[in-house]
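Asks: Below is the structure I would like to discuss, written out as structure tokens.
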Amino acid sequence: MTERIDGSVLVVNAGSSSLKYQVLEPTTEEVIADGLAEQIGESTSRIKHWYRGHDVVVEGVLPDHEAAIAKVLELFRSDGVDIADSGLAAVGHRVAHGGRSFFAPTLIDAEVRSEIERLGPLAPLHNPANLVGVNAVTALLPDVPAVAVFDTAFFHDLPAAASTYALDAEVAAQYAIRRYGFHGTSHEYVSRKTAETLDREYADLNQIVLHLGNGASMSAVAGGKPIDTTMGMTPLEGLVMGTRTGDIDAGIVFQLSRVAGMSIDDIDTLFNKKSGLKGLCGENDFRSVLERADGGDEAAQLAYDVYLHRLRRYIGAYMVELGRVDTIVFTAGVGENAAPVRADSLAGLENYGIEIDAERNAIRSKEPRVISTDASTITVLVVPTNEELAIARQAMEVAYPA
Ligand code: ADP
């Protein structure tokens, strides 16, 4: 007899060589299982799998995502759970790019799969991998409803002035070139959670949300509607990230091609994988950057300064765009954990009504919390993101409409 996980949702986030998954119960928010398969398709692969308090690490060879998922299902069977026959209610897939086609969570069928495939060229680093995950899970769990949740969806209705590049309009229209924005699931979850935490109406709050993880983005949300965000046509634009440049003069592409003789693929890899904090100081783990900078390492200090400079530039821009700001909210790995980043990014802004309370800012917690002083006109908060929970809830809403 299989252990029951009735009403729970499997959330899948498939990357090019990785597969993150979680099984959770969206109403109680209980996480039942959590795992990560890495180095899929390489000579050795690894799965870290956690189920109700027990974890295992398995090393082996996983030639593709289907093999990885088959292995994950096997690990569940060793936990006593036959996923296909355990009461699993839905699967929620994180899909990076919804293009112009998708702006709401969507029940996946053959047509949706081919549309995601057609969007591949818009997000070559993400969508094809996401689709491989969708196909692999569908093949193994054909009877469980699967829902795609798009990272761009929340930003679908950005005002035209914010979503349009100043590019030849015909070229832009022909190739669907506009600013789409990413991390939408997180920006929406965190901005709603902020309203809930403060016991305020979502529609009454003007918010700046800083999602600072390895990938990083900021959004300006006016009365529950995003009016701007830092990522663009791809997740490369905007803030300095772990390994991405963020904003960069497009002329540098021409320079690297003409003068350095680099191919477009080389430049893509350079900008997306070898730049940002890693490009500046050799490391993209923010903890090491902070430690090294504290120890007097000049490259790490410069990386930190460049990172902060960009953050502050956008905070200023979004304050002006919003006109009135009620909350500034930090989330994701760096935003939730790196107190110095929070303090430094808002330092010296007392004249704008922003005052961080050093003691509150130093508290470590998994709970949403206010870190500004009671006198601060703008409330500054840390609100842990939970993209898996948001995806699970959206998957349930679509799979079982009320
Ligand atoms: P992603 O989901 O984009 O991979 P996360 O949101 O998990 O990223 O954030 C990862 C980043 O958070 C890493 O740069 C990591 O160093 C940073 N981070 C995690 N804990 C801390 C901490 N205590 N102090 C500073 N940075 C931290």
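From the backbone N, Cα and C atoms, a Cβ is placed for every residue, glycine too.
Caution: TrEMBL annotation is automatic and unverified by curators.
Note that this is a predicted model, so its numbers are computed, not measured.
Positions annotated as Mg(2+) binding site by TrEMBL: N13, E387. Per TrEMBL, ATP binding site is recorded for K20, H211, L212, G213, N214, G215, D285, F286, R287, G333, V334, G335, E336, N337. For D151, the entry in TrEMBL reads active site, proton donor/acceptor. What TrEMBL records for H183, R244 is site 'Transition state stabilizer'.
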Asks: In whole Å, note down how far the CA of D151 (active site, proton donor/acceptor) lies from the CA of K20 (ATP binding site).
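Replies: D151 (active site, proton donor/acceptor) has its Cα 15 Å from the Cα of K20 (ATP binding site).
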Asks: Measuring Cα to Cα, how far is D285 (ATP binding site) from H183 (site 'Transition state stabilizer') in Å?
Replies: 19
Asks: When the Cα-Cα distance from E387 (Mg(2+) binding site) is computed for each of the recorded positions D151, N214, V334, E336, which gives the smallest value?
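Replies: If we rank D151, N214, V334, E336 by Cα distance to E387 (Mg(2+) binding site), first place goes to D151.
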Asks: Work out how many Å separate E336 (ATP binding site) and the residue listed as 'active site, proton donor/acceptor' at their Cα atoms, rounded off.
Replies: 20
Asks: Looking at the recorded positions N13, H183, R244, V334, which ones sit with their CA no more than 10 Å from the CA of D151 (active site, proton donor/acceptor)?
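Replies: Qualifying among N13, H183, R244, V334: H183.
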Asks: Tell me, if you would, which residue among D151, D285, E336, E387 (recorded positions) has the fewest other CB atoms within 10 Å in the structure shown?
Replies: D285
Asks: Cβ under 6 Å from an atom of ligand 1: which of these recorded positions qualify? The list is K20, D151, L212, R244, D285, R287.
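Replies: Checking each Cβ against ligand 1, the ones under 6 Å are D285, R287.
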Asks: Mind telling me which of the binding-site residues N13, N214 has the densest Cβ neighbourhood, counting other Cβ atoms within 10 Å?
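Replies: When each Cβ's neighbours within 10 Å are tallied, N13 leads.
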